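The structure appears below as structure tokens.
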Amino acid sequence: MNAIIPNQYAMPDVEGRFGPYGGRFVAETLMPLVLELNQAYEACKADPTFQAELDDYLTHYVGRPSPLYLAQRLTDHYEAANIWFKRDELNHTGAHKINNCMGQILLAMRMGKKRIIAETGAGQHGVATATVCARFGLQCVVYMGAADVQRQSPNVFRMKLLGAEVIPVTSGRGTLKDAMNEAMRDWVTNVEDTYYLIGTAAGPHPYPAMVRDFQSVIGRETRVQMLARREKLPDACVAAIGGGSNAIGLFHPFIEDAGVRLIGIEAAGRGLDGPDHAASLQGGRPGVLHGNRTYLLQDDDGQILEGHSISAGLDYPGIGPEHAWLKDLGRAEYRAATDAEALEAFQLCSKLEGIIPALEPSHALARIGEIAHEVGKGGDVVLNMCGRGDKDIFAVAQHLGVEL
Amino acid sequence: MTTARIDARFASLKAEGRAGFVAYVMAGDPTRDQALEILRGLPAAGADIIELGFPFSDPMAEGPPIQRAALRGLKAGLTLKGTLDLARAFRDGDADTPLILMGYLNPIESYGHEAFARDAAAAGVDGVIVVDCPPEEADPLTDALDAAEVSLIRLATPTSDDARLELIARRTSGFVYYVSVAGVTGVKEAQSASVAPAVERVRKASGLPVAVGFGVKTPERAAEIARVADAVVAGSVLVDEVAAALEAGTSPVTAVLARVQALGDAVRGARVTETV
């Protein structure tokens, strides 16, 4: 168990609550499944052979550990703290999503499930799910908002190549939240053989804790690597936040280290003062959606609003419940970056570091200069480079008015 | 006490020796005024109990018919407060028909549990069904509803084993809603043979009447369920009448009430042919 949770911060409680957040707000039909999943996951956590098998695949299939890289030219550019990239974009499939998918697919197989369903926004989680399903010979169905199918067509093709069935979702505005609704409808209909592989640290318990645990490999490696390189912990850890899985994966192993600032960057879209953003923590209020209580973008009547972001991976109107709790505690700080700032950071990083980032971490990159200045020269700031930008070049070209 | 209306209705159904018919319609579908006209017409058309859906933007357990009905309700501007106003307008003209609100938790959270319970009771609402609020999460809402004497009506499903049924039966009153298929509303039809023993199990665990819903579309089907359950619920097929009438440019009110009449008649006649 220590292999999965290396510290004493003991959240969530047995009911899956992080203070007032989290929980299991699902239809009665799903309750026995959610409880069974929790039991199965607890059994895997306690089983060293499970962790050994997962570690083996993470090493030889995913390509872990990912490097911790000193972004020297970006550091020079800002003339402040050292900026380090945790290179999770170098993982197989090009993002952090596969860390979680590998863990959950091994769990699903132990539970005897043959059919895997998933939701996807940018398509990264869909690709990662389709990848592990191909690797282990399981049927894979991915729900994806029809709007996202349009703006992320390369990932749709990838999923199909990997043998997955991609179902475009037209309800709502056709984005991530609607895909999640549809996946839950599939799950409640196919209770016997289907495993729902949720891609972010949200949903009914145990998903927020489980996805966090599988993603915490990011923070655990960062800790070891930073100690080896600098003989100290980082001064700040920075990550982009949609549902929040890459951020919680980086943050979690540092939660008890009071000297390490944890900073999540939400998508401010066209600005936090208008309706077109996806910053649930800064522009929303607590409510219940998709199985958990957390901060949500919603109107006065409790109707959920559609988030907006240039990044299809961030425009989700909710946020993992642990982030809601860390915000209320004041243990993590949350800021935001607009579409325009993310686009600018995307280009700067490409030019200075030779790394084309995904639009998701570009939001974190947009705030990294000011954070580096706050930390100051000689300090160390780690940014989770949670995905590579290959999938985004068409969208970026369009925004920049370039015809490909 | 408002829950008395539900108990009285099931007592009189029992005295008549028949199952009840529960009609589900969506608040504000297709407009507030037409929804009120439908509500007012339901008892005479054959509805013994009314379930009034309150729209939610993300109805995760609903199939396409009720998803679309919720969107129409939202488009008509029906908030939870608007739904309560609608309930009160119905109650002003009908003192006896039990009225149950059905929907999702977030609008209630947003309204505030206590305020919602108080206003629902004042509007003449007898019970509330909250799809995404399982017993594990229901205590705060149940406390508020208990204080206002409004029933929290629980759902039992094909995946509920005996231990779960016991949990479901705790702190519930009025009746139990048995969801007869694992799935969303309005899509699959349950195996008839599986419904009777399930109803018996739920009845035994709860000591309450059992209403059966999901996948009831035809009078034949309604009659089949009426032979074994205490009440039969139809919803998707009714809201689809609204959609069809809008498409055809005819009256949604007439269409819904005609369908209620057909289903209600089937439920009423179901046990007449029974020889046991």
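Just so you know, glycine gets a Cβ as well, placed from its N, Cα and C.
Cβ neighbour count for B:E51 (active site, proton acceptor) (all protein chains, 10 Å cutoff from its Cβ): 26. Marked as active site, proton acceptor by TrEMBL: B:E51 (among others).
Taken from TrEMBL, the feature active site, proton acceptor applies to B:E62 (among others). The 10 Å shell around the Cβ of B:E62 (active site, proton acceptor) contains 26 further Cβ atoms across the protein chains shown.
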- Message: Quick check: in three-state DSSP terms, what is B:E51 (active site, proton acceptor)?
- Response: strand
- Query: Any idea what DSSP makes of B:E62 (active site, proton acceptor), helix, strand or coil?
  - Reply: coil
